[in-house]
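Database features, via TrEMBL:
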- 8-142: domain 'EamA' (DOMAIN)
- 12-30: transmembrane segment (TRANSMEM)
- 42-59: transmembrane segment (TRANSMEM)
- 71-92: transmembrane segment (TRANSMEM)
- 98-119: transmembrane segment (TRANSMEM)
- 128-145: transmembrane segment (TRANSMEM)
- 151-169: transmembrane segment (TRANSMEM)
- 153-284: domain 'EamA' (DOMAIN)
- 181-201: transmembrane segment (TRANSMEM)
- 213-232: transmembrane segment (TRANSMEM)
- 244-263: transmembrane segment (TRANSMEM)
- 269-286: transmembrane segment (TRANSMEM)
Amino acid sequence: MRLRGGQGTLMVLASAASFGTLPVLVKFAYSTGLTPLQALTYRFLLAALGLHSLALLRGEHAGQLGLRRAAQFLLLGGIGYAAQSGTFFGALCCLPASLVELVAYAYPSLVAVGAWLLFRRPVGGRRGLALAISFGGVALLVGGVRLQAGLPLLLAIASPILYAAYILVGERLMHGASALTASATVHTGAGLSLLAVLLLAGQPPLPRNPDSWPVLVLLALVPSMIAISLLLAGLPRIGAPQAALVSTIEPVVTLALAATLLGDRLSPGQLLGAAAVVLAVVIVHLPPEAREAPD
């Protein structure tokens with residue numbers, strides 16, 4: 001059992017690290033001349049192709065979801081995930097990768113708020129503290145951004161709000177569905193939706209720079225196929241609460257990569273905000289027995 005748990009932890013660690021590469025890879029995609037719409041569209045279409053292939057290797061396919069549920073997952077991707085990713089990629093046009101990632105990482109606290117508002121799930125004292133810490137951390141992070149970056153900053157703030165909504169809706173749809181097949185279908189919906197927007201916007205449907213293709217393949221492979229596959233493999237071994245705690249390495253990976261490869265630097269106040277956001281995520285996902293103070 002210990003070996004199984006150790007393998008699960010390593011899988012989730014690798015998954016979180018893979019997710020953490022996304023903002024940096026998006027910056028590289030932009031440096032090759034790709035527009036946000038092009039990067040988004042091909043990231044989702046290529047990832048959908050890969051995820052459906054993985055599902056088929058496991059004997060799964062979208063038809064097993066049923067027509068109604070498959071349509072729901074397509075809409076979830078085409079509207080919810082596409083909109084959230086659009087704000088995230090849009091913010092990365094002008095803001096540092098590390099900042100956008102850390103602001104987006106406020107989503108667990110927003111999920112707790114949304115679950116309380118929509119489903120009347122109790123927040124609790126510790127979770128309420130986590131919310132306050134998280135929002136304070138985001139305030140410190142965005143406080144160091146120049147006012148000229150108004151629209152990108154609004155997009156960065158909208159990203160975790162939309163992602164929290166996506167998670168809350170997705171949670172209601174996931175009961176009894178294969179996570180891998182559902183994820184492949186969501187990616188398909190997002191890719192097709194964004195492809196339609198790309199064509200309607202009159203942007204070139206194919207990248208003009210050959211150097212764009214390796215980055216697009218990495219975007220589809222690392223923070224999508226590899227990250228999702230490892231997470232789904234690790235979850236049964238260590239459980240969702242432990243996986244959520246282990247996954248807090250994701251923004252740390254982004255910070256390290258952005259500083260090393262992009263030269264991103266956060267101010268002392270923003271570093272304090274970053275620590276607050278990560279601390280809030282840890283508090284939100286601590287198991288109940290660890291949160292109870294001894295008598």
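Glycine too: its Cβ is placed from the backbone N, Cα and C atoms.
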- Does the chain bring the transmembrane segment (244-263) near the transmembrane segment (12-30), so that three or more CB pairs sit under 8 Å (pairs 6 or more apart in sequence)? yes
- So, by DSSP, how many helix, strand and coil residues make up the domain 'EamA' (153-284)? 108 helix, 0 strand, 24 coil
- Item | the transmembrane segment (42-59) and the transmembrane segment (213-232) contact flag, 3+ Cβ pairs under 8 angstroms | yes
- Item | Distal contacts, the transmembrane segment (12-30) - CB-CB under 8 A, six or more residues away | 36, 39, 89, 92-93, 97-98, 100-101, 212, 215-216, 218-219, 222-223, 226-231, 234-235, 238, 242-243, 246-254, 257-258, 261-262
- Item | Segment confidence, the domain 'EamA' (153-284), expressed as mean pLDDT | 88
- Message: Within the same chain, where does the transmembrane segment (181-201) have neighbours whose Cβ lies under 8 angstroms from its own Cβ atoms, ignoring anything closer than 6 residues to its ends? I mean 6 or more beyond.
- Response: 37-38, 40-41, 44-45, 47-48, 51-52, 54-55, 60-62, 64-65, 70, 73-79, 81-82, 85-86, 170, 173-174, 224, 228, 232
- Message: Which residues of the chain, 6 or more past the ends of the transmembrane segment (128-145), have a CB below 8 A from one of its CBs?
- Response: 95, 99, 102-103, 106, 108-109, 112-113, 153, 156-157, 266-267, 269-270, 272-277, 279-281, 283-284
- Message: What does the DSSP secondary structure composition of the domain 'EamA' (8-142) look like, as residue counts for helix, strand and coil?
- Response: 113 helix, 0 strand, 22 coil
